[in-house]
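Taken verbatim from TrEMBL:
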DOMAIN    30-238  domain 'MARVEL'
TRANSMEM  117-137  transmembrane segment
TRANSMEM  149-171  transmembrane segment
TRANSMEM  214-234  transmembrane segment
COMPBIAS  241-253  compositional bias 'Low complexity'
REGION    241-268  region 'Disordered'
Amino acid sequence: MSSTEGSSRAADKSPRQQVDRLLVGLRWRRLEEPLGFIKVLQWLFAIFAFGSCGSYSGETGATVRCNNEAKDVSSIIVLFGYPFRLNRVQYEMPLCDEDSTSKTMHLMGDFSAPAEFFVTLGIFSFFYTMAALVLYLRFHSLYTENKRFSLVDFCVTVSFTFFWLVAAAAWGKGLTDIKGATRPSSLTAAMSVCHGEEAVCSAGATPSMGLANISVLFGFINFFLWAGNCWFVFKETPWHGQGQDQGQDQGQGPSQESAAEQGAVEKQ
């Protein structure tokens, strides 16, 4: 019994010891440096960006009152959200004819391209920053010794900076078009029953776009974070060291020549 209990205790301790060794090996002080601290901010704001855009849902609506007393007031409520393929969102338009009751309509526009690009970029940024943090905290010596990692990190950082600018601008333009397509006045303008004299249409609830507006703000914040991080990542590359070495060589060259000239003058 004692041997089995000892083996079970050893088996229980081994995963804990592995976790303890992993945590002890992490260099948490790297998070106090700009290279690690900005990566944490990039990781957080990437979550905020794709989370606020991908989880958005709103509703718009209108009311239709037929002049025919046999017809009651009809309320139209249209729900929409990510990925904003509005041309696939259906709603029923009431008809004031005695023979027919309603007609199936669709919202106008397909804005899935900028929205999906924005969310996809946020997800890729989330995974890359998480992998970079593991490299900084656990394998920082490998990152500093092998210059290929810093070069790849710099190239990826520049690429993400450009893509965040494009994604935030494109999603901001797409959101403006979504607001125009989903406002109640656009809904009543698209319904033919509202153009005649047999019905009176009025606007319903205006969709709340607060969360979508915040997602655009998070997109530009990510752009500034990645753009600012380019300098700190560049300092880790051998290109930065070569520039300093060349500057020192150029600084030493004229001083040596001037010293030689001064020695020649003194000899004369």
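Note: Cβ is positioned from N, Cα and C throughout, glycine not excepted.
Please treat TrEMBL annotations as automatic predictions, because they have not gone through curation.
Within its own chain, the transmembrane segment (149-171) is flanked in space by residues 53, 113-115, 117-118, 121, 125, 128, 132, 135, 142-143, 215-216, 219-220, 222-223, 226-227, 229-230, 233-234, 236-238, which lie at least six positions past its ends and keep a Cβ under 8 Å from the stretch. Across all of the domain 'MARVEL' (30-238), the predicted model scores a mean pLDDT of 90.
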